[in-house]
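Here's the structure, in structure tokens; my notes come after.
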Amino acid sequence: MFPDLIKRPRRIRNSNIRDLVKESQLSVDDLIYPLFVVHGEGIKEEIPSMPGNYHWSLDLVMDEIEELVDLGIKAVILFGIPESKDPQGSNAWAEEGIVQQACQKIKEKYPELLVITDVCLCQYTDHGHCGILEDGKVKNDPTLELLAQTAVSHARAGADMVAPSDMMDGRVGAIRQGLDENGFEDVSIMAYSAKYASSFYGPFRDAAHSAPQEGDRRSYQMDPANSREAIKETALDIEEGADIVMVKPALSYLDIIKEIKEEFNYPVAAYNVSGEFSLIKAATEKGWVNEKEIVLEMLLSMKRAGTDLILTYFAKDVAEWLREE
Ligand code: PBG
């Protein structure tokens, strides 16, 4: 009458056992919070497609950082919005550039906070591409020098870690060399290694005013159809000196995270990008999903796939939710 069931997987799902057999866990230590900084004073302007995220002037961003630190968040990544753009993106490495000023100011008051900077030219070039443009083509090798110069200027301003997101070939090596030649051997590199040409960046490009004026980024960002390339890019970045490798976006690329973790057993970061954030925000506003539960489940899936660090616009909420539990 009864089936002869010796194996009953349900046994370990009892509430008193469940926690003991948990394989992955999300912690506030995993989180990196992205911040958008702008020139000026008294500016806290909400980004329409990314509710709860703002353009901050440096006077006001300090209050936000105090909140983050109080929540136990240990790392931020800075994105700058410059006052003016030109073909080379020279404000990316300007001594008084917005990210450089932000690093100085933040590290002065919060020396313990890990300050990471995004290294790219697209917010700074008038054409919106991540490298130098010649005859409608993004030129790889001449761009490397500018990226290295940008990374060095961030390090000089106090950045602890630089994160190249441009996807030019050889940028990690060029940046490592630039940093070392200038005495910044201790500044680490988190490489956007497997960065896909993704539609999930839409809200960010509104936020950072960095959409390409013409064409798209498919000549340098990876094809969503491919995974071999992700392995190749990551191997090169590690060879060139990356300390942490990143997969971006995260949610549609969990297979890539897993493959990279298994292949290299290296610290892996996942970028829970703007589009992934905004989809959940919009559905939450409609009352269609439970925001807290869905966000925690989503980030946990990244951990399960092999992620060590998560860059997420939900970091503050997550820190609060984890504290409640
Ligand atoms: C700059 C950069 C982008 C993002 C991070 N750095 C945009 C892009 O490559 O087009 C996207 C982040 C997000 O969508 O949250 N190259």
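Even glycines carry a Cβ here, placed using N, Cα and C.
Just so you know, TrEMBL annotations never went through curation; they're auto-generated.
Look at TrEMBL and you will find Cys120, Cys122, Cys130 tagged as Zn(2+) binding site. Using a 10 Å radius centred on the Cβ of Cys120 (Zn(2+) binding site) and all shown protein chains, the other Cβ atoms total 27.
Here TrEMBL flags Lys195 (among others) as active site, schiff-base intermediate with substrate. The Cβ of Lys195 (active site, schiff-base intermediate with substrate) has 26 neighbouring Cβ atoms from other residues within 10 Å, across all protein chains displayed. According to DSSP, Lys195 (active site, schiff-base intermediate with substrate) sits within a strand segment.
DSSP assigns Arg205 (5-aminolevulinate 1 binding site) to a helical segment in the three-state reduction. A simple way to gauge crowding: the CB of Arg205 (5-aminolevulinate 1 binding site) has 17 other CB atoms within 10 angstroms, across all the protein chains here. Sequence annotations record features per position, and here TrEMBL assigns 5-aminolevulinate 1 binding site to Arg205, Arg217.
DSSP gives Glu233 (Mg(2+) binding site) a helix state. Listed in sequence order, the residues of the same chain lying 6 or more apart from Glu233 (Mg(2+) binding site) and placing their CB within less than 8 Å of its CB are Ser193, Ala194, Met222. Annotation source TrEMBL lists Mg(2+) binding site at Glu233.
Under a cutoff of 8 A between CB atoms, and with a sequence separation of 6+ in the same chain, the neighbours of Lys248 (active site, schiff-base intermediate with substrate) are Ser165, Tyr192, Ala194, Lys195, Tyr196, Ser198, Ala270, Tyr271, Val273. Residues or ranges marked as active site, schiff-base intermediate with substrate in TrEMBL: Lys248 (among others).
Within 10 Å of the C-beta atom of Tyr313 (5-aminolevulinate 2 binding site) sit 25 other C-beta atoms, taking all shown protein chains into account. The annotation 5-aminolevulinate 2 binding site is assigned in TrEMBL to Ser274, Tyr313.
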Ser274 (5-aminolevulinate 2 binding site): secondary structure state under DSSP, collapsed to three categories: helix
Arg205, Arg217, Ser274, Tyr313 screened against Cys130 (Zn(2+) binding site), Cα within 10 Å - retained binding-site residues: Arg217
Candidate with the highest Cβ count within 10 Å, taken from the binding-site residues Cys122, Cys130: Cys130
Distance-selected recorded positions near ligand 1 (C-beta under 6 Å), from Cys130, Lys248, Ser274, Tyr313: Cys130, Ser274
DSSP three-state assignment for Arg217 (5-aminolevulinate 1 binding site): coil
Spatial neighbours of Arg217 (5-aminolevulinate 1 binding site) that are distant in sequence (at least 6 apart) but have CB under 8 A: His129, Cys130, Met167, Ala197
Residues satisfying Cβ distance under 8 Å from Ser274 (5-aminolevulinate 2 binding site), sequence separation of at least 6: Ser49, Met50, Phe200, Tyr201, Gly202, Pro203, Phe204, Ala207, Tyr313
